[in-house]
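The structure appears below as structure tokens.
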Amino acid sequence: MASPRELTQNPLKKIWMPYSNGRPALHACQRGVCMTNCPTLIVMVGLPARGKTYISKKLTRYLNWIGVPTREFNVGQYRRDVVKTYKSFEFFLPDNEEGLKIRKQCALAALRDVRRFLSEEGGHVAVFDATNTTRERRATIFNFGEQNGYKTFFVESICVDPEVIAANIVQVKLGSPDYVNRDSDEATEDFMRRIECYENSYESLDEDLDRDLSYIKIMDVGQSYVVNRVADHIQSRIVYYLMNIHVTPRSIYLCRHGESELNLKGRIGGDPGLSPRGREFAKSLAQFISDQNIKDLKVWTSQMKRTIQTAEALGVPYEQWKVLNEIDAGVCEEMTYEEIQDNYPLEFALRDQDKYRYRYPKGESYEDLVQRLEPVIMELERQENVLVICHQAVMRCLLAYFLDKAAEQLPYLKCPLHTVLKLTPVAYGCKVESIFLNVAAVNTHRDRPQNVDISRPPEEALVTVPAHQ
């Protein structure tokens, strides 16, 4: 029996790790959040214009945001790469042998890429986005998963509401490269005929015939659900997420608290009150919200003084969330960047090297913050119009989710004081409007300096620090 290895504390994340031959021992989940002992293959099921790609993209964005390496594989895009010019629905007719051959080759090419991603590139979840409307096709994909050691989870989207289908068709026409520069009525007619090509052979997931499979069936964009044999934690997270999203038109407003007394002094964290300009911003925010005339707006704040003072000026009910509190800077709370460089130069350099994963001594990392904020994302997905008054690091995390930003980009997203970001979900993404409320404030954004080496001189460490009192 091997003797226990020595432990050492990782300087970046502040977690204890075993050492082997003088080097830290790596483990399978070094780069991501490990929630399952084997990769997961998510297989979309459903007729065209049922929201499969919408679900695929949202699910991929969510899983990547919480730290699970995920990639979407859209078979339609593989087909467009092979067949450069789409002509008509006849390509999808069941008796079109050439079309069938090309579609099968594209599906196999996508599965090869799935295998590469999950088995060679360290991926945890692959989303296979295609119609997969026959039991035979789904069995082929399931067998592929079994042969490669993947857990397979099916997500079927069923729509019988004509209004939902019509709205989906409009979105597909707007977003699909197949119908660029095509007459609208002609495109609609062709797409309806394309759907008919699948309808006769469509076999929905069946509670008896498919009782051994793991799946969720989503009816009419979340009116009801059927869930069967959830196999592990990651599948339960997927089900929970899919049961929270909706497509009702709405806007989410994100802003930071008004300028604080510590912002003026260039100090991070703490629980200060608003500066005079911060109080002026709170009044301007109240006027802005009133002018917007937003139906049933909900207002959320953190439990920190500066966000609550900002919300008080609105004169409306608001809800305080502890999870919306600013990132905990640990031993560096209420310090300036200059003081951190003087007292903890190693920590300052390590944070610049990997700002997303770096954890303050006795504090948090952005990675920790994302995990803390997941309940907020779930509730934002459930809600309609919401104003979130929060903090710089928190706002960056929320913004990264809605804009699908990578972990490396997240800590450097610009979220200036006294500016409201209006996020409006659209077909496969999010429209962003930035509204500055004309109240001056200090700049608190610090870019990554060019020199992030531990031995750098102080002036190179501090070159990107914004001006302050």
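Using N, Cα and C of the backbone, Cβ positions are placed for all residues, glycine too.
Here is what Swiss-Prot records for this protein:
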ACT_SITE  His257  active site, tele-phosphohistidine intermediate
BINDING   Arg79, Arg103, Thr131, Arg137, Lys173, Arg194, Tyr198  beta-D-fructose 6-phosphate binding site
BINDING   Arg256, Asn263, Gly269, Arg306, Tyr337, Arg351, Lys355, Tyr366, Gln392, Arg396  beta-D-fructose 2,6-bisphosphate binding site
MOD_RES   Thr444  phosphothreonine
REGION    1-249  region '6-phosphofructo-2-kinase'
Those residues of the chain, 6+ apart, with a Cβ under 8 Å from that of Arg79 (beta-D-fructose 6-phosphate binding site): Ile102, Arg103, Cys106
Length of the line joining the Cα atoms of Arg137 (beta-D-fructose 6-phosphate binding site) and Tyr337 (beta-D-fructose 2,6-bisphosphate binding site), in Å: 58
Arg103 (beta-D-fructose 6-phosphate binding site), number of other Cβ atoms within 10 Å: 21
Fewest other C-beta atoms within 10 angstroms, as judged across His257, Lys355, which are the recorded positions: Lys355
Top Cα neighbour of the residue listed as 'active site, tele-phosphohistidine intermediate' in the set of binding-site residues Arg194, Tyr198, Gly269, Tyr337, Lys355: Gly269
CB within-chain contacts under 8 A for Arg256 (beta-D-fructose 2,6-bisphosphate binding site), separation at least 6: Ile389, Cys390, His391, Gln392, Met395, Cys415, Pro416, Leu417, His418, Thr419
For beta-D-fructose 2,6-bisphosphate: widest Cα to Cα gap among Arg256, Asn263, Gly269, Arg306, Tyr337, Arg351, Lys355, Tyr366, Gln392, Arg396 in Å: 26
For the binding-site residues Tyr198, Tyr337, the one whose C-beta sees the most other C-beta atoms within 10 angstroms: Tyr337
Cα proximity to Gly269 (beta-D-fructose 2,6-bisphosphate binding site), best match among recorded positions Thr131, Arg194, Tyr198, Thr444: Thr444
Using Cα positions only, nearest of the recorded positions to Tyr198 (beta-D-fructose 6-phosphate binding site) (Tyr337, Lys355, Thr444): Lys355
Cα proximity to Thr131 (beta-D-fructose 6-phosphate binding site), best match among recorded positions Tyr337, Lys355, Thr444: Lys355
Between Thr444 (phosphothreonine) and Tyr337 (beta-D-fructose 2,6-bisphosphate binding site): CA-CA distance (Å): 11
Separation of alpha carbons, Thr444 (phosphothreonine) and Lys355 (beta-D-fructose 2,6-bisphosphate binding site) (Å): 16
